[in-house]
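Taken from TrEMBL as is:
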BINDING   N66, D128, S164  K(+) binding site
BINDING   G132, T133, G134, L135, S136, G137, E138, Y143, D161, A262, G323, H370, D437  (6S)-NADPHX binding site
BINDING   K407, G408, A409, G410, S411, G436  AMP binding site
DOMAIN    18-218  domain 'YjeF N-terminal'
DOMAIN    227-494  domain 'YjeF C-terminal'
Amino acid sequence: MPDSHDDLPIPLYSAAQVRELDARLIAAGTPGFELMQRAGHAAWRALRRRWPDAGALTVLAGRGNNAGDGYLVAALAKRAGWLARVLAVCNPAQLQGDAAKACDEARQAGVEIQPWRECARLEGVLVDALLGTGLSGEVREPYAQAIRQLNASGLPVMAVDIPSGLSADTGRALGVAVRAELTVTFIGLKLGLLTGDAPDCVGALAFADLQADPQIVAGLPAEAVRLAAGNVARLAPRPRSAHKGRYGHLLVVGGDRGLGGAALLSAESALRSGAGLVSLATRSEHVPAALARRAEVMSVGVSSANQLLALMERVDVLVVGPGLGQAAWGRSLLSAAARGARAQIWDADALNLLSVGAASVPANTVLTPHPGEAARLLGCDISAVQADRPAAVRALARKYAAVAILKGAGSLIADPDGRLAVCDHGHPAMAGAGLGDVLAGLVGGLLAQGLPPFEAACLAVWLHARAGERLAVQGRGLAAGDLFPVVRQLLEEHAPCLN
Ligand SMILES: NC(=O)C1=CN([C@@H]2O[C@H](COP(=O)(O)OP(=O)(O)OC[C@H]3O[C@@H](n4cnc5c(N)ncnc54)[C@H](O)[C@@H]3O)[C@@H](O)[C@H]2O)[C@@H](O)CC1
Ligand SMILES: [K+]
């Protein structure tokens, strides 16, 4: 898992936007080669900080400016007395512009430059300077083979700017991608470093602004934002005169036979996030168990849409779908739910029923699909969703005029107004049953307390992922309900209940 990303910038850029930033900085008077030298220095500093005693490095270099950065790292290492070698996948005679200058500098420093071969000997820290933001399409040979060799070497790898093969726009490995232990990225943080295949490729992530003029950088609107303590919404502190009526009444609808736990987890999650009142509409046979586990949740058995409509008259927020099933009971409750409440969260089977046209999405709804549900909603294959997660979540938000959360490593949140946020927290120990039910309840609990849908979704995703990270120090076997006390604690640290 990545080291803490707390010191990384908030704006996230596409490859085209980073190219535009480079161009604007150059036009404003910083020569491209100067930027490349700063990149080389930043990468070398980061490498030495992580592997101070390695004493040797091998740079795998391609043909663009990413290779130029790599040649300069080799030159700096050689001048510092390290053993420094470049294995050139592209004949150095074909290099152009700044990359050619960087190659000359490496030669002058005494770096050994050899053509790359499959059987080439690798030693020391490996520096991946094969492909950067100029990558287009699936990785071609011999680059793919060089990447496979690097991954199979068992040696530590530092990626320059982005692991080669990873799309800076989508985080997808385009055929094959470098799996780095450290990635040092320049000027603008790329969206593709945080989602999709990125968590398995990027390793620890370091950012170097290359002394770019902040005004020039700020002048270019970003593609997305990274969720961090500084930019997720805060619930307002509560006045001493607070009463439960001010913090919303939330109703969870779900829990068909055999699926009762999911709805109860959502209800408990909403309660633990601070919702004023929480009700649960479920199969009547689940009511005794629900009451025994959480007496604070008003659990009611419903068998018809009319019963649900009567309950809905008293509530502000609905969470529909956890354990709802896709049979007649769930269908009738979903179509009743679609007719009311100030705000709704549609999760799990509500999304599966939506994908077959069983109901339409009301205003102010948050959809919380995992990639499989997203694929059903978009009528495509799951691999198409994962190939471009930012595009998929935006498409969902547009299609349903709703805030959409696309779950999975590097969760994304899209608003139909165009806003996009990415969460780079979380842990593979969170891949387990019930975690989604907890998230849905959390979004609902925050909506009930007055946050707008996009803000509630972002805060919920961030709290949920951070809580999972904290708990994952104990490893596998995380139970969804374990999150409740940690979410409470994080929420209190982030937005104290009392001033
Ligand atoms: N002034 C600048 O523009 C700066 C650029 N920097 C570096 O420059 C990089 C971008 O440089 P470039 O735009 O030259 O691009 P790259 O260095 O990523 O390389 C592009 C080249 O890779 C090859 N290529 C593209 N797609 C491929 C594929 N699918 N399979 C195999 N080969 C493929 C093509 O020959 C293409 O010319 C950044 O990632 C960063 O490392 C840094 O030096 C900072 C300053
Ligand atoms: K690279």
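Note: Cβ is positioned from N, Cα and C throughout, glycine not excepted.
Considering only the binding-site residues S136, S164, S411, the Cβ with the fewest other Cβ atoms within 10 Å is that of S136.
Just so you know, the Cβ of D161 ((6S)-NADPHX binding site) picks up 27 other Cβ atoms within 10 Å once every protein chain is counted. Its own atom aside, the Cβ of D437 ((6S)-NADPHX binding site) has 31 Cβ atoms within 10 angstroms in the protein chains shown. Around A409 (AMP binding site), taking its Cβ as the centre, 22 other Cβ atoms fall within 10 Å, counting all chains. With a CB cut-off of under 6 A applied against ligand 2, the binding-site residues D128, G132, S411 are reduced to D128, G132. Taken together, the residues in the domain 'YjeF C-terminal' (227-494) have a mean pLDDT of 96 on the 0 to 100 scale. Under 6 Å, Cβ to nearest atom of ligand 1: this is the test, and of the binding-site residues G132, G134, D161, G323, K407, G410 it is passed by G132, G134, D161. Comparing the binding-site residues D128, E138 by how many other C-beta atoms lie within 10 angstroms of each C-beta, the top residue is D128. Reduced to three states, the DSSP call for D437 ((6S)-NADPHX binding site) is helix. Most Cβ neighbours within 10 Å among the binding-site residues G132, G134: this distinction goes to G132. DSSP gives N66 (K(+) binding site) a helix state.
For the binding-site residues given as G323, G408, G410, G436, the lowest number of other CB atoms within 10 Å of the residue's CB is seen at G408. Other than N66, D128, S164, the residues of this chain whose Cβ falls within 8 Å of the Cβ centroid of the K(+) site are, in sequence order, L60, G62, A67, G70, A129, L130, L131, G132, A159, V160, D161, I162, P163, G165, V178. Of all the binding-site residues in the list N66, D128, S164, K407, the shortest Cα-Cα distance to S136 ((6S)-NADPHX binding site) is found for S164. The shortest Cα-Cα distance from N66 (K(+) binding site) to any of the binding-site residues (G134, E138, G408, G410, D437) is found for G134.
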